[in-house]
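**Student:** Have a look at this one.
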Amino acid sequence: MTETLLTNHSNHVVVPAKLPDKSQERPVEHIEPPDGGIRAYLVMVCAFLCNGIIFGIINTYSVIYLSLQRQLKDSGDEAASSKASLVGSLTIGATFLFSPISGILVDKLGLRTTTFIGGLLTTSGMFLSSYFVDEPFNPDNVTMLCLTYGIMFGTGAALAYTPTLAILGHYFKRYLGVVNGLVTAGSSVFTALLPGALTYIEINYGLKKCLITLTFLSSFIILCAIVYKPLQPPPPPKEKKSGRSQCYNVTRSVINFDNWKKKKYIIWAISIPIALFGYFVPYVHISKFITEKFPENNQNLPLICIGITSGLGRIIFGMISDLPGVNRIFLQQISFYFIGMMTMCLPITGNYSVLLVICLTLGLFDGCFISLLGPIAYDICGPHGAAQAIGFLLGLCSFGLTSGPPLAGKMFDKTQSYKWPFIIAGIPPIVGATFMFLTRYVKDDVRRKNEDKELQPFQNIPQLAWEKENNNKTVDGNRKATLAGPDE
């Protein structure tokens with residue numbers, strides 16, 4: 001028997017969920033996001049700061065890279081470029097590699113605790129890194145920087161970043177796209193402001209004081225964690241299946257396998273890592289590229305341009321993605337096509353002004369891609385599956401993001417030119433965007449479709465798991481429940 005229970009409370013809806021053996025029902029509670037209020041806006045501001053601090057530091061690594069590369073080169077290291085870029089690559093790689101663990105910890109420990117642990121790791125990692133850049137610089141300390149700046153800070157960033165995206169769905173639904181745009185614009189604001197500030201500190205006070213400044217900045221993540229109070233209840237525990245091994249039941253209780261039954265999510269989770277293989281190359285190497293090709297011009301201005309328009313892109317495309325009938329995955333495809341083309345155009349321009357225009361365009365569509373990660377995860381996997389959907393997606397992205405910049409650095413060490421590193425880095429985004437077209441042709445599992453139909457007539461399964469506002473009607477004065485249905 002299937003029935004829908006509607007409470008008299010304003011925002012609480014309880015829907016019995018079938019157990020695998022169909023012998024009993026367990027209520028799955030979904031609390032309607034308030035879409036406003038002091039607490040919701042405070043969460044949005046803290047998420048803005050958390051996102052900005054994490055990716056502002058990651059995206060402006062080129063300032064640290066230049067200092068490390070120069071000191072390694074002065075010590076006679078022939079692989080100075082690749083070693084210096086490895087530290088930054090490990091940071092972004094660890095941020096994404098450990099995101100699946102972050103998604104699991106969110107379900108098990110909660111949003112607050114996971115973010116708090118992440119803040120402790122980022123602050124500690126950056127503080128320890130400051131002790132390995134004392135002058136005269138010891139080239140052997142690069143290994144320790146890989147551990148503290150790369151792995152330790154990156155792991156903390158992973159634990160803090162996934163909750164930052166997941167918490168927004170607890171407080172916003174109707175304007176989830178634009179709120180994600182505003183929050184992810186935090187990294188653009190910090191990316192625009194940090195390069196100049198870090199360059200000034202590095203030149204006048206040295207790299208050690210530069211890292212101490214970043215330590216202070218990272219400590220704000222700990223404060224942001226206090227505000228992350230979840231509204232949605234944790235996912236219901238999975239029932240143990242008789243006849244299955246203990247290992248199977250434990251794994252099933254930790255990992256949300258329902259996400260991996262959605263064909264649309266699988267295609268999306270494969271396409272994004274392909275597209276991001278060369279994504280981080282411009283962020284790491286653009287300052288060095290400017291000093292090589294345009295030595296008389298400002299080396300930080302192109303990165304600032306990317307940061308400014310990336311912030312605008314997140315807000316603009318976030319608003320567009322909230323419009324009825326807009327396909328968010330298609331918007332993301334367009335962004336990858338432009339990211340790939342603009343990256344390939346960087347080394348072939350001979351005019352600094354044209355280069356700035358390319359960077360402005362690159363940043364605009366970079367913002368589009370980033371602002372849609374959270375909303376698409378909610379669209380496909382729903383509120384209970386979103387945290388792990390985001391976490392595992394970012395984990396799959398780690399290899400490409402980590403290997404891209406060092407490979408570009410090796411190519412530069414061999415050729416002393418950024419022409420081919422940038423051209424090759426522009427190919428994966430185009431390939432990934434093309435592969436994403438498959439999401440239009442996947443079909444639902446017939447069995448899953450039939451099971452979902454049994455939830456009607458009181459509840460319509462929306463086209464997207466995170467239902468569209470125009471489908472959000474009421475029953476007896478109460479909002480309908482939202483469940484994560486299968487992909488269309």
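Along the chain as shown, residues are numbered 1 onward.
Including glycine, each Cβ sits where the backbone N, Cα and C put it.
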**Student:** Please identify the range among 113-132, 393-412 that TrEMBL labels transmembrane segment.
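**Tutor:** Feature transmembrane segment in TrEMBL: residues 113-132.
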**Student:** State the residues, same chain only, that lie 6 or more residues beyond the ends of the transmembrane segment (147-168) and have a CB under 8 A from a CB inside it; answer 'none' if no residue qualifies.
**Tutor:** 43-44, 47, 50-51, 54-55, 57-58, 64, 86-99, 101-103, 105-106, 111, 114-115, 117-126, 128-129, 132, 176, 179-180, 183, 211, 218, 221, 224-225, 228, 230, 373-374, 377, 386-387, 390-391, 394
**Student:** Between the transmembrane segment (40-64) and the transmembrane segment (420-439), do 3 or more CB pairs sit under 8 angstroms, pairs being 6 or more residues apart?
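**Tutor:** Counting Cβ pairs under 8 Å (6 or more apart in sequence), the transmembrane segment (420-439) does not reach the transmembrane segment (40-64), since there are fewer than 3.
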**Student:** Mind pulling out the one from 40-64, 113-132, 175-199, 211-231 with the most Cβ pairs under 8 angstroms to the transmembrane segment (355-378)?
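**Tutor:** If we count Cβ pairs closer than 8 Å to the transmembrane segment (355-378), 175-199 scores highest.
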**Student:** Among 40-64, 113-132, 175-199, 211-231, which stretch has the most Cβ pairs under 8 Å to the transmembrane segment (301-317)?
**Tutor:** 175-199
